[in-house]
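Working notes for the structure below.
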Amino acid sequence: MALTLRSSTFLNLKDIKTLKTLDVDFFTTICFAQIKPTTRRLRTRNSIQDAQLSGEKMTSPFEGMYDAQKEKFHALSSSHQMQNDSKVPVYVMLPLDTVTLGGHLNKPKAMNASLMALKNAGVEGVMVDVWWGLVEKDGSLKYNWEGYVELVNMVQKHGLKLQAVMSFHQCGGNVGDSCSIPLPPWVLEEISRNPDLVYTDRSGRRNPEYLSLGCDSLPVLRGRTPIQVYSDFMRSFKQRFKNYLGNVIVEIQVGMGPCGELRYPSYPESNGTWKFPGIGEFQCYDKYMRASLEATADANGKKDWGNSGPHDSGQYNQFPEDTGFFRREGTWDTDYGRFFMEWYSGKLLEHGDKILGSADRIFRGTGAKLSGKVAGIHWHYKTRSHAAELTAGYYNTRHSDGYLPIAKMLAKYDVVFNFTCMEMRDNEQPQHANCSPEGLVRQVKLAVKAAGIGLAGENALERYDGGAYGQVLTTSRSDSGNGLCAFTFLRLNKRLFEAENWRQLVNFVRSMSEGGRVRLPESDSSTTDLYVRFVDNKLKSLKEDKEAVLL
């Protein structure tokens, strides 16, 4: 299989010179523009490449060139940064399984080649999930950071930045989850003894994606509270990576729920439980959440309201008008509905406040910025009740702004508001789902501006087309004073390195360096500056090809 990447960002290619890096599954060949003819011929064997990954001096395509030549190669991208203060830095999400279950960096040679290509494309850095289920899997307070140490060193070597996500959730069972990484085994043991530690719906279905916020302050994890466990994890991360914080690791995204987002797991895809565009279900039926609801109702003199969640809120895959709670003139717009939603959304805000307050105390003064992710739930946005947002914990209706309270909570700790669905347009969505991702993004931008914090974005779905990039560019503009401070692209994989997809990414990065004001160019297959080929390693001929040669 051969994949050719085309880009008009680099210098014109007249003579192609190659660097081959051997991986377990495939060869990656990256061919760079020759900056100046040279008669120097360098040969390096695979043993030298292995040395690259063990900390010894790395052989790069620039080895033996003058410093001025190196600067010339990066001149275009760096000039954008110097000449335009409105630059929106672009990061790329790394694969979910970047670190293996054994705690090692996955396919390090392929990662090395990929980071090299991203750097030369003008990308600012990469984002990686730092999985609780991998780091603390051997036992309570037993941390293994070594796979991430390998990655951070490699990122630093290529002059890139890193966004580290404190991922306290399970990987698997949601959109884009390509692997399975459960919560730490010792935590799962506690859940098996006490199933109420995880979110539960009205029918009693347990969701092991993330611990219920109802037990945040209870010592249910071998003498520690969940908030203490999250804090100890972050404190250990800070200690291990203290020399990288603020220079290589520039952002800590604090996970606060399923998929790392501040929300309830109201629309789980595992086992076909939920399908788009279902309204989802409230997740307030574990004993800790029920106790909180009961106490709150009693304190408000409405004891009957604390017996259970709404009885008429329907099921996962229903539509708003199918239910008594979410329909146009439904229960959501009554005194009871307002009471319940204020409690349900308020508990989510308290949860975020506790975790971010702890993160702020831990990382304050390190130079690393904090961010928090909020889900882009755009379906049924055009209805009065905004049912899908309500079940997720965002009290956003025709009469209530659900995102301003979140933005104000983030503002207490100067946390960047990270939001998804930046690539989506209204006219791409099915009419029956009453979607409006564009309207949702506009509302969030206003909330963030009012709170006085930064807004960063991600694409919700894996897309490589010009339309999606164009929508992100439109959103990123800061003409109204509320553009993006950063954008993270989903995700690094082989598809990204296909010719047209790579060309689109490079042009997008260049346009974002101009604050989103540069129109993406039309496809031009005649200009080719960077090729990346993945060649099947199982061919017999490769047994004799053991050299990596740089000319």
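Just so you know, glycine gets a Cβ as well, placed from its N, Cα and C.
Automatic, uncurated: that is what TrEMBL annotation is.
Database features (TrEMBL):
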- E261: active site, proton donor (ACT_SITE)
- E458: active site, proton acceptor (ACT_SITE)
- D129, H169, D177, K373, H378, T420, N459, A460, R491: substrate binding site (BINDING)
Distance check, please: Cα of R491 (substrate binding site) against Cα of the residue listed as 'active site, proton acceptor', rounded to an integer number of angstrom.
10
CB contacts under 8 angstroms to D129 (substrate binding site), restricted to the same chain and 6+ apart in sequence, sorted by sequence, are L94, L96, T98, V165, S167, C171, G260
Cβ neighbours within the same chain of E261 (active site, proton donor) - under 8 Å, at least six residues apart
K373, V374, A375, T420
Residues satisfying Cβ distance under 8 Å from H378 (substrate binding site), sequence separation of at least 6
C421, M424, Q429, C435, S436, P437, L440
